[in-house]
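TrEMBL annotations:
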BINDING   B:63, B:64, B:65, B:66, B:67, B:68, B:69, B:70  ATP binding site
């Protein structure tokens, strides 16, 4: 059975039943069909938030297929519930782009999925659409003002950094010229589209603590400059009220269930290579308010999602995890050990051992935050007994608790051992986490600390462009906010070809983006695309629906 | 009180209660919150469809403010329910474009509105978003194929007619160049965006009778030519399955309620000047399956919405209305009688009488379909007794039943008289409607018949471009489908300055668009924009939401 068939083989329980177990009265739910509901923000209880056990799931450097972080998150959540813990999985919503591109769905896999899988991978409750509309309303207001005769703010079209967004892998929209067609068509200018998951509106949603905060952040969005060099913000266009109105429902987290009928909250979905890579602060707090454990994930390896999870999200929201799970796969370790991608399914203990330094580096990074660590070995059918034994032995040697995670094949039952280790780790944790840098550090210091402590780099170089942008950032008074480095997920370095554990490398910051509303700066290391393209054979070609509404090809 | 305040002053009943009155079991509903639900297509009962009383609401040539057709439709529906008839209003969903532009919401007005007004005017149940995504997925597949090395179909980028869509008034997107930025950014080409309401996907949704039919129509979408001159369709890109999958929920009609707590079905929203201007066939059939009366509307004056309603929708769906209501306002008649826009609120019986020929022309047009007609005088506060008396007297003189429609001020109670006339008209109707042209007529004959019978034009002229496109249309085998003329709504002619009842004018067809999936040709008369712009002061600036989620400025 493929993922879609497995998902459809389990009859979901009415979402009211799942909510009831979390002590959420049915009347406070806003239903979207029978199996999805929005939770009102008023259910957040700050006292419970502080007491709860927040568990972060991160990973080693992934192969292109991903290491199954979401699968482990969902399986672990079901495992914890089987152990009698009131646990809630809190994860990101999938983007439509990959669904019709290469990767397929993003709601877990095998027997560790959230359902209704089809809805979640299609429009779900419309959050991405709302984000896109809020984003693009601001764009329309900008171009309308540039064209305006009576109310022109003097925006210099060449300086406008704000782009439109679309939740689609569409490379042709990456760089466009708009406003063509003569006088009635606007003022021509170069611009582009970001995929919605990479938009600042998405980042803002995930950083906001309330509707008021959301609106305030919208008002602070930096658009570009006037011809006289002064900055223009979204508030200058009176955009924030209408943008927040469009987000009225999108700000509320979504409740669904796992295949084990345990609660899962999905909310927000910024990518981790080009944005902060973790679900909304509101959703995480909601999970902690309703359960005793929250299992959450942050995208790609710990150098991307986890670093941002701690230094941006936890710091801003006043959260502190009780344990971190690092997901490793035997496949990926062999890949980092030098085995070619196509041969990863054949046994190779030597290559596996050669991959250990990558795991070691991620463990070191995560330990730098001062929180207990557990390794989850996400099991694939092709893994051999000898390989499984070797990785578990290695973890014992270096003194890290480790367990096989068999959520894909067995659901929650396959994650009970992992769950037990996580509970023990959480119980042992008495610290709050320590961040990698202080907000008062200069921007360059911040980048350097992340590059050295987390990536294992020797130094950081800023391009000429980046250096002059830094002056602009200082002028705007934005030096004392966190950084959200955009970097390839394929390597600990900024060069995707350096797999394993790269040594003696420097990180080059090509340029900065300013996400003043989200409240962070985006130093861009290397070439990172904020609008993906479709592959030669898009998966859209095999997605189909029959006359009865039965979908195929979506997995 | 403004419209939003009135809408919020009435507590909506749970939508299950509204459904129950239509004999729809609560379990078959797909809830979207407490007051919106999707209805499964299986509830359509073709036998009931044929027996039901379908009432079309159309209008005279409107002023820029509109004549309140939706307000009359909703008021009349409430009036009919007060008279003991099981009546359902079936109308279009509003577009976000006008909401943030000039016009504001489009869910009726005063005490004749559908609620929840805010949701309906914002994202509602996501149908427009789904349409946009299906549209833009096809665009991404087209540009991906143009860029493809191994699977290139040889599409000539200069011939691609398919545009992207966005539900936003954004003139800067009307004409764009995409695919810039070098080799990885695609092949540069000129294209543009239509507003979603003007997209062919919207037209297709509204013409489809099932999910299967929808997919079949998607496959037939004409995209452009190969370099060898042969046509390319969406099926060549294997797009139809994924597009239909994206429309899985959007194809289901939406149930809400009027302020009088009577059922209203909202589904689809093509504009009437540039598309077919009426809700989906599925929604109309759903209404007739669940009620004895359906009150529906078609956009702008009878020259646009009503003509297309009969010749395209009713013919295709096998529907035949029992009565047509022509909405006139004293304001608009005075405007057509030569009174300036700013002076319409002062009494002027002379100008009113001068405007009668416009009403007369619309009545003649509607009568050409062979269905009984009723005039609804949609009352405004500024109308005087003398004016009201004069218009009713005039209708009596020319032998048309007429009533004041006071739905704005009084809700259903203000439409009981109108309702009575409508019931009598429907009871008197024994005919099926006669179309303006036969499908076997040549394209030019079809245009000529509509121009002469409906617009009162003397002749039709085709530009050189249109003439050569006609040859292409013949080559594609598309001559025997209906036509959907795009024309200004401000005049019976194609020149918006000719108000009243223009005489001795010709209609010029500038060019054709081919909507092969929707199943009609679009002859474009004059300059019609398929992507509107924002005004100097967009209404977005005054839309706001407070920390409790209370919205203002949306009306």
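Here the Cβ of each residue, glycine as well, is placed from N, Cα and C on the backbone.
Please treat TrEMBL annotations as automatic predictions, because they have not gone through curation.
The model shown is predicted, which means the values in this text are computed figures rather than measured ones.
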Binding-site residues (B:63, B:65, B:68, B:70) in Cβ proximity to chain A, threshold under 8 Å: none
Protein Cβ atoms within 10 Å of residue B:65 (ATP binding site), excluding its own: 14
Intrachain C-beta neighbours of residue B:67 (ATP binding site), sequence separation six or more, cut-off 8 angstroms: B:59, B:60, B:327, B:328, B:329, B:332, B:378
Sorted by sequence, non-B:63, B:64, B:65, B:66, B:67, B:68, B:69, B:70 residues with Cβ within 8 Å of centre, ATP: B:59, B:62, B:329, B:332
Those binding-site residues listed as B:63, B:70, and which of them has the most Cβ atoms within 10 Å of its own Cβ: B:70
Least Cβ-crowded entry, counting other Cβ within 10 Å, from the binding-site residues listed as B:64, B:66, B:68: B:64
Around the Cβ of residue B:69 (ATP binding site), the count of other Cβ atoms that are within 10 Å: 26
